[in-house]
């Protein structure tokens, strides 16, 4: 008699989702599914709007990573204008993207995932949140909040506000950087780097204690997709697409972002509103790949900044063979490496003498009828693709967001974790939390709406085929 | 060339507005006197330099001895008049009017090119509109982006007819007009032809500058970048009047 366990909602992620586990008679997990239960409809309601509104419209997809959408959308609009933006504008955009990476990774690691890592998977769920972390290690919690604040403050200094800035525009940015702001930003970054390095050092000592999780949290064989720079280095703003397989062999390289439709297809399943992107030449679902910090570090030959390069070398040692790091648990590690990289790279950009140049915008009209913009969001590769009519109104939109790329991998990961930890005959809190935790490794960003620090009500029910509840576990709000 | 203004032969009247004793020319309207004396009174369709239509009803005031509210833009001052521009009742009416404007079309400030420089947005703030109590119509309107320099987004139009009047009265082109009835009203160019195909439009841009919202904007502007300059209007209107 088959039974289904439903985890609804999944907490401490950005957005609304549900997990269902299908159990066999023996109590073993037969199937596991990650359901995105919210519908947004951006691709449809953007039709008919002027393309210059697209950056602001699509940035509303998310309140955590609006800068990522802002950049990918503006890059698509640059493509429509057929312009090369001034070099200073590109540096400023990079700067904002790195600040966004810093604040988003800090949110994911400290606010959402550290309660599991520091307090334990089986700890009291009432305390397994950022407040529990504050109680156990107030200094660490403060540092996490500080790190995020620095990222957010830099975004505000550049764009006028922390969330949904409109400073990035098609053709560049609408205001140059002044020297006072540059100094203020440079003064903040040493503290950020110290926090990042301390946290990295701490987490490095903790990794061996999570050996079991590292072996069961999404270790399946998948490819890895990300942007890399023309030199093959870690890249978040521009460059070429690279796809590596699970053994580390390069499957696709130097793919111009505009050529993404050749390699990325999107499948649809009836159990989720999220699409299932896949590598087209291998078909669905064999073309499974992962994106995000893990994929970026697996694909990059180096970071290009001193501390991050050392951390990257240590990251590669997590995998015993010489191939890419395959466990999704190590997304956390990769995130910390990227935080160090973001801070070092921001320092480099701000010390660049050209950063104060006042020529920051190229002006043009819509010169192409199709534009593609690809950048790396904190959670992975983000693709914006627009078509416009002669008057510059949007006729077609396709957005492939980072979390979407990871959809197949997230579904496989929860199946693997459920196989390892779930006993269908008797539910336990730790079991429930581990299934959620593997999703948190990917830091899925399902919408801008929800930030539930473990305070959301959660119920998990075990039902038989007739719908009778045979076991129930409730977490109150 | 300087304009030689002839002294109008009008009388001066005294009146009281919100407890202040004021004097004004007898051919002035209440709203003009309020503006001269820096007494805040909301308005949308009224604009110094254009004819009066009294359409938006936001400038309604209470006048002692009158059993109904009067539009300050369409009411001339009179000797001994006592006017109240702010009361609980007026505030309630004004807030409701602004809410109705928001509910009728699709004013999404956060993604609008006029965000931060919009008269409707400013009115909403001053009238205390923190949310809209009536259901939105959610009717989708087309965007006409066919003009080389400008764009009209009917989703953001409040039908104040400033564009219609400035085009007719100041530019003399009469490109703009109104089509339809009730909430289906729409401003149109020529006989509802695309703006870019208009034979009469001189591309002067006056309609864009006087538009209070992000309905009429310049091409090439991104969110929050459309700042309007309306200083030209009273100057041009007085020159025309002097002629």
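In case you wondered, yes, glycine gets a Cβ from its N, Cα and C as well.
Annotations in TrEMBL come from automatic prediction, not curation.
Taken verbatim from TrEMBL:
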type	residues	note
BINDING	A:43, A:62, A:399, A:451	Mg(2+) binding site
BINDING	A:65, A:448	Fe cation binding site
BINDING	A:65, A:445	Ni(2+) binding site
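Cα of residue A:65 (Fe cation binding site) to Cα of residue A:399 (Mg(2+) binding site): a distance of 14 Å. Comparing Cβ neighbour counts within 10 Å across the binding-site residues A:399, A:445, the minimum falls on A:399. Of the listed binding-site residues, namely A:43, A:62, A:65, the sparsest CB environment within 10 A is found at A:43. Taking CA atoms as the reference points, residue A:445 (Ni(2+) binding site) and residue A:62 (Mg(2+) binding site) are 8 Å apart. The secondary structure of residue A:445 (Ni(2+) binding site), as reduced to three states from DSSP, is extended strand. DSSP assigns residue A:65 (Fe cation binding site) to coil in the three-state reduction, placing it in neither a helix nor a strand.
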